Amino acid sequence: PKKKATQKKLRVCVATCNRADYSKLAPIMFGIKAQPDEFELEVVVLGSHLIDDYGNTFRMIEQDDFDIGSKLHTIVRGEDEAAMVESVGLALVKLPDVLHRLRPDVLVVHGDRFDALALATAAALMNIRILHLEGGEVSGTIDDSIRHAISKLAHYHACCTRSAEQHLIAMCEDHARILLAGCPSYDKLLAAHYRDDYMDIIKNWLGDHVKEHDYIVALQHPVTTDIKNSIKIYELMLDALISFNKRTLILFPNIDAGSKEMVRVMRKKGVEQHPNFRAVKHVPFEQFIQLVCHAGAMIGNSSCGVREAGAFGTPVINLGSRQTGRETGENVLHVRDADTQNKIYHALELQFGKRYPCSKIYGDGNAVPRILKFLQTIDLDEPLQKTFCFPPVKEWDISQDIDHILETQSALAVDLGGTNLRVAIVSMTGKIVKKYTQANPKTFEERIALILKMCKEALSDAVCLNCRILGVGVSTGGRVNPQEGVVLHSTKLIQEWSSIDIRTPLSDALHLPVWVDNDGNCAALAEKKFGHGKGVENFVTIITGTGIGGGIIQHNELVHGSTFCAAELGHIMVSLDGPECMCGSRGCIEAYASGMALQREAKRLHDEDVLKVDGITDMKNNEPVSAVHLINAARLGNSKADAVLQTAGMALGVGIVNILHMVNPSLVILSGVLASHYQSPVQQVIEQRALPSARSIRVLTSDLEEPALMGAASMVLDYTTRRLY
């Protein structure tokens, strides 16, 4: 629904209850304030913002230069279950006057706190439209019930993740009123990620002698549905942290029932006086980001650990059940049953000081512009009554964007070739939306700089092309450790490229998760997702290009081998004393059948002056001799050229027979420029030389135009991150 041209400014009331929801709401408030012709902003502050024990955090809203229209003291002290209920009641008594006076067009409310439930209840009963942020998520406490209840009261939804959007649709919310925006705090987060003064912030909160990645941030809140157990976990966490003996910044828990007992435990253990600990009530969000970003680990059960920390790849230990259902990046280690100090200590040992790929599950830094655009589409003349959309729901892969356009989930694919460096935006369906090609520089520094430059250009184009980039996949020659994202040894085509960590510089600069694998493996992955290998459990892909490589899929998984040397198919030996190979050995398939081998033979025949056919040669003056000339000469009837191709086809065929006898795939896919020339000779060798039970195996030529790029993209498009301990 488009807003009418003559419509007045939209009066938006933003209500904030605590430091956590303000970090999500502040970016939207700044955005609204920056567009005074479109919006009027009213700010209502209630809940623990106004309580001294929780740091009087309303002051940070004033410091951000927002006029607070109303301050409502709504907390009944006691920090137990009854006090939470009474606080909801007190808020419900005080809110009608305020909402009646402000008369907002839209009330923006965040999350899953009991105060937010009071806000949504009051606004819904007073016929005020509600935009709810962060609906549809699952965490694993009473907060879930409150969050879903607010979703049922709200008229519009801005959610953070695709699965949250699916949950809202499954809860019968109208798809046209759900915006998949990403988390607003990520806008600030990703923009503020690189700050020059981060060491000053760390020293300010943790002391002068603390180094980067050498301290812990601890933040644990009570689980209101299981207070006793959450106090026990808190005690065990403190014991583990005291034993672990690292400088630790510990934040006081929030105002939920059980927090008083937690503070008591903290005091009993002398944490506030302990030389390793600094206990604080509140850290301003921008500074807190820096502390989390550069920490050696974060521990506790705060949603910040499973959400924001992922954007930096900071290792996180998530204790207990408070975030059980949340989607997480691979940086999170879950200790569900944190029932011993030893288990938590062991988790700290596993995680402390590691770095993980950055994860953007919760947002890409553009949430606020999406939300503001969404607010502008609200038609105030439309009936206020909500309509629920009972199933069937729309197809899962259709994402509703602000203008109701499809925003396509896509990957950035990078192909590091011997000659060219290529980057492409590839959609979920395997369509190459846009491709970029540059000559591949010689040195590591220039190469990484160029990859980053091309990726950044692609990322900014992706916004205009309406593609949402989920991550980066890199296909490269040589031997790769895909778990670490490191090129161990490269081919001779790409010099100065050994023990090179590709993942970290890309992930750090682009704030995206990065996957790296060898180009042969990528070709196999491309066939598995987009080509002849779709739905085939066991198959082999062989690339016949400048060199020869490939990948083996067994039981739907790539075979990497113990030292990542599996599927080096070009170096299967088919002769004890054949021609010399670039690997230093002799008689490898690559020495017979690769583009380089054919070029070598073409040059030999040319030098002997026997590449001509009936005195004619198709070569122009000074043109370098290549495999193409050999193939053309053979086609025109040159018997010597034909004999070279026969030998090459035979060598490749014998190599493939060896593969059939070793892994017995149901399909062999030939890929690369020479594939069509080799298909029939390979088939002949199999019929002549393979065991009878292996002769029926099909040999197909790949239909994919860009196997390396498609394979790099498929690593991103198929990967899901979940880790359990």
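Cβ atoms here come from the backbone N, Cα and C positions, even for glycine.
Computed from a predicted structure; not experimentally measured.
Annotated in TrEMBL:
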type: DOMAIN; residues: 37-375; note: domain 'UDP-N-acetylglucosamine 2-epimerase'
type: ACT_SITE; residues: ASP519; note: active site
type: BINDING; residues: HIS571, CYS581, CYS583, CYS588; note: Zn(2+) binding site
Winner by Cβ contact number (other Cβ atoms within 10 Å) across the binding-site residues CYS581, CYS583, CYS588:
CYS588
CYS581 (Zn(2+) binding site) to ASP519 (active site) - Cα separation in whole Å
19
Work out how many Å separate CYS583 (Zn(2+) binding site) and the residue listed as 'active site' at their Cα atoms, rounded off.
17
Cβ atoms other than its own within 10 Å of the Cβ of HIS571 (Zn(2+) binding site), all chains, total 19
Nonlocal residues around ASP519 (active site), in sequence order (Cβ under 8 Å, 6 or more apart):
ASP415, SER475, THR476, GLY477, ILE543, GLY549, ALA708, GLY711
For Zn(2+), residues beyond HIS571, CYS581, CYS583, CYS588 with C-beta within 8 angstroms of the site's Cβ centre include exactly GLY570, MET573, MET582, GLY584, SER585, ILE589, GLU590, ALA591
